[in-house]
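Features as listed in TrEMBL:
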type	residues	note
DOMAIN	136-609	domain 'Amino acid permease/ SLC12A'
DOMAIN	618-1007	domain 'SLC12A transporter C-terminal'
REGION	105-126	region 'Disordered'
TRANSMEM	141-166	transmembrane segment
TRANSMEM	187-214	transmembrane segment
TRANSMEM	234-252	transmembrane segment
TRANSMEM	259-281	transmembrane segment
TRANSMEM	314-334	transmembrane segment
TRANSMEM	346-367	transmembrane segment
TRANSMEM	416-437	transmembrane segment
TRANSMEM	471-491	transmembrane segment
TRANSMEM	527-545	transmembrane segment
Amino acid sequence: MEIISANGCDAKKDIKMEVEKKQVLFTLFDPICTTNKQHNEEKAVPDYSSIRNESEMTMERIPSIENYRLPLYSRKDSNLQSRATVVDLMHGALELTFTKKQSEMQNAQGSMHHHVNSNESDNSEFSSSKSKKNFFQVNTLGGIAIVLLSALVCIVTAISISGICSNGECKKGGLYYVISRSLGPEFGGSIGAIFSIANAIMASVYVVTAAETIVDLMDENGFSTLTNSKVNDVRLFGVVICLILMLITFAGPKIEDTATLFMFFLYHLSFIDWCFGSLLLSPNDEQKLRGMTGYNMATISENLYPAWRDENFISVYVVFFPGMTGLMAGSMFINELKDQAYDVPVGMFSAIAVCILYNLICIFIPAATMLRDVSGDIIPEFNNATFSWKPFPCAMNHTCDYGLINFFQVAKLESAWSPLLIAGIFAMSLSSTMTNLDNGPQIFQAMCKDELFPLFRYFSKEYDLNIPQRAYIFFSILTMAVILIGDLNIINGFVSNLFLAAYASVNYACFDASFAKSPGFRPSFRFYNMWLSLAGASVCIIVMFIISWPFALLIFAFFFMIFVYLSKRHLDVNWGPSTAAVRYRIALNILLKLLNDVEHTKNYRPQILLIIDNPIFRPSLLHFASYITKGESLLIAGHIIQYERNEYTFHLIHQLDKEITNWFNNNKLKAFYLPFLNCNIRIGAQCLLQLAGIGRLRPNIVMLGFRNKWFENGKDGLSEIENYVGIIRDAFENNFAVGILSNSANGFDILEMRTDLNLANISSIKSPLFKQHSHHSMRKLFYKYNELGKRRLSQSSSVLSSVSYSVGNSADISTNQEKVNISHQRIRKGRIDVWWLYDDGGLTLLIPHLLRLPKSYLEDAELHIFTFTTCAKTDEKKLASLLSKFRIPFTNVRVITDITSEPRPVMLNYFEAIIASMRVTETDKRNGLISDSELAAQKMRTNRQLYIRELLQHHSRQANLIVITLPVPRLEISSSLYMAWLDLITRDLPPVLMIRGNQTPVLTFYA
């Protein structure tokens, strides 16, 4: 610690005061404290030091650890305070009501505390008859459970979709459109991408099924494989089928729909063929050898319960569930429905009902007509004594070749005409494939049209009949790539999770829209319930992890990556998502809860009201304030527009608010813009002080830019000076802290020249500034609003959208911008000098600490702290202890023990030159001017400011920022003299932040 002394501390004046009939000795101190030996000896009274004359009497305290100790007892009627209020400092009140007993208690307290529809049916009815996983291990009860569980997921999702569709008209885009317009582009893009991929993979499942059917038929009829491998044959036929189907989709919707309907009809015909074959035809010997018994109660009883071997409930569910995913196929054509609110639920629930019926029939027929295990050599025999079928020996060790569990072509065996059944299965596979190859590309094209993924913009192009040919080709290639896997079982697990993720998103989207309680979400579907949607989303997610947690994690990781990417893009769309309504509701509830929280020093945050002219022309001041708040506390840019009200001004204010808020967002400024219209800047500021913020989110610091050229207009600018100082006083009166940032002679405005607006010929104004300057996006706004007060705005709204400037050349603007931009680039190994002259609650120390934290242009800067104290070494130790306890890292502390020296003559002459134009004369004695009597009365304070200037010039000229305690604008001090003092401590210096807290503590060393 370095101690700086001038001529020693010898000035002292003891004042005896009688309080409550007891003689108590008080030593009052000037803000530049002097020696107080008696205080060090007796320690019976507050730490007041001497002053030179009674006009200098003040209650300001030097920084001391005693000011931050918590009182042992707290009484509402106690007059014991650690520091005076800022209002008392302004009004000069001095109320010393300490008794000797109170003083002793204070000292005792200080010593104690340091210890401590058809498309839907088409897709949904595809069964797993060709699956290589044996579905019939689950038998009757297990199969019914799987069907009902799958149907439950589909029914809940259908209710959610019906709710969304009954809330407004949905356009082309299917699931993507529904999600994106409900939850926003982030959710819509993520789920749209997943659902598009799911359609491509599901198409490959159907193609592989069709290819396997062809390969099995070739094998049964004695044809050899084309590639000497069944798997490769499946791949070859799958690619060929995919290419053929792609050409059909290219032919147009009419041909595609005709082909789909034909295949749909063929499938139902084949299904009837199977039902009639099993019901009307008695089994022949060949059929009996393979286990067919016809409808028999003993067969039904044997197949009632599951018989797990190499499968389990989940593995069979994974195979079956994709056959129920045709629910979303109908969503692609929602925009073509006449009455979406009625047609969507009717179509979906009828499709689900048909799907459930068909699948239950598919479970019942084999379970009632086929034995579980037969050898294939002997016709099964019925035991009349036990009313059951005699078991085969091979059933004991599971080596039978036929039977319900071992023979996969049950439907073909039982059908009336097997070629029709094969044609039906083949037709269903192709029809479902075309549906998926159509849905996926359309969803993908819808996302590309919305420009969610700029790299895929190429696929947004539509051709004749609105056919997304490019997207079709892309997804056909993707489907063929999956087909090359050749293994249906690997594909099924992944595609099931993809569809479950899509279903979960739909249900959550509906719940989120309801939970937000937005008046705009009013679904007319009477069976809709938000909690049912939430339960559906939860069930989908749980089932995803049960099926395959690696696949579930992979899908969630993919979803998260796309979500983060779209969030970072900040898409300029406004679809009214429910997420915005949820954020509003959460923010409102939190604001209401904050009202009940009791303020505490540990939770203090600097919340700044920056009173600023047009922010786009003072970006440096705005950025400086944002480096303090860093988006973690409140920052409001209060813009007082000095202009008379008329019928057009409020329209202009609204436009200005919108444009500058957009400019904030484009420049990543986390701040609020608050324009206020008033001809008188002080009245406008008073209104801002009272109205800015809401609830606990109200500013506690008022920040201004210093008027460096305050005296250039002489007495003609007195009213502006009076208003400026008046704003500072009003801020203190409203219990705000005040900060004033000075950038020496350069100021903060990036415009050196401003011309009046030529409203008579707006369209002819061409501004080089807005052609070349980085703030060109604000070309529609004007800056000098007070000049508009002399004119009447045109009645045309086009005037408001074409106002611009006529200013100097862009080179001058760029040069001036560099001068005023004190915080644009990060300064490495920077230095902040902190002149903590008076104890204001610690704000003078806290703000520079915040400026040296990350996300600041002075990150990791060194803190050099200067302060005043008495000559006693105990005070020095207390100050060092105080700084350490605050856990604020500093490079060094320099203690100045006395600054009572007379200023040099050159300084006095400099001061006289500044105030020469602002002196009282016989003809001009207006308030705010400096009189001789005031100069005499305030001589000591003036000398103090002059000496502080000398110290600043000597010690802080190399600093990147100076933070100094702001003098209090006492009421008896004229505004011109006060501005002169501020000028003294800022001129010809690096940027200076003068700040004064409201005398309430913002720092504490207690846990």
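Cβ coordinates come from backbone N, Cα and C, glycine included.
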For the transmembrane segment (187-214), sequence-distant contacts whose Cβ falls under 8 Å of one of its Cβ atoms, 6 or more beyond its ends: 126, 130, 174-177, 179-181, 233-238, 241-242, 245, 322, 325, 328, 422, 425-426, 428-430, 432-433, 436-437, 439-441, 443-444, 446-447, 450, 452-453, 475, 478-480, 482-483, 485-486, 488, 491-492, 494-495, 498-499, 501-502, 505-506, 509, 555, 558-559, 562-563, 566, 577, 579
Residue numbers, six or more beyond the limits of the transmembrane segment (259-281), whose CB comes under 8 Å of its CB atoms: 118-119, 121-122, 125, 248, 294-295, 358, 361, 365, 369, 411, 414-417, 420-425, 427-428, 430-431, 434-435
Segment-segment contact (the transmembrane segment (234-252); the transmembrane segment (527-545)) at 3 or more Cβ pairs under 8 Å: no
For the transmembrane segment (527-545), sequence-distant contacts whose Cβ falls under 8 Å of one of its Cβ atoms, 6 or more beyond its ends: 152-153, 156-157, 159-160, 162-163, 166, 345, 497, 500-501, 503-505, 507-508, 510-511, 514-515, 551-552, 555
For the domain 'Amino acid permease/ SLC12A' (136-609), the mean pLDDT of the predicted model: 84
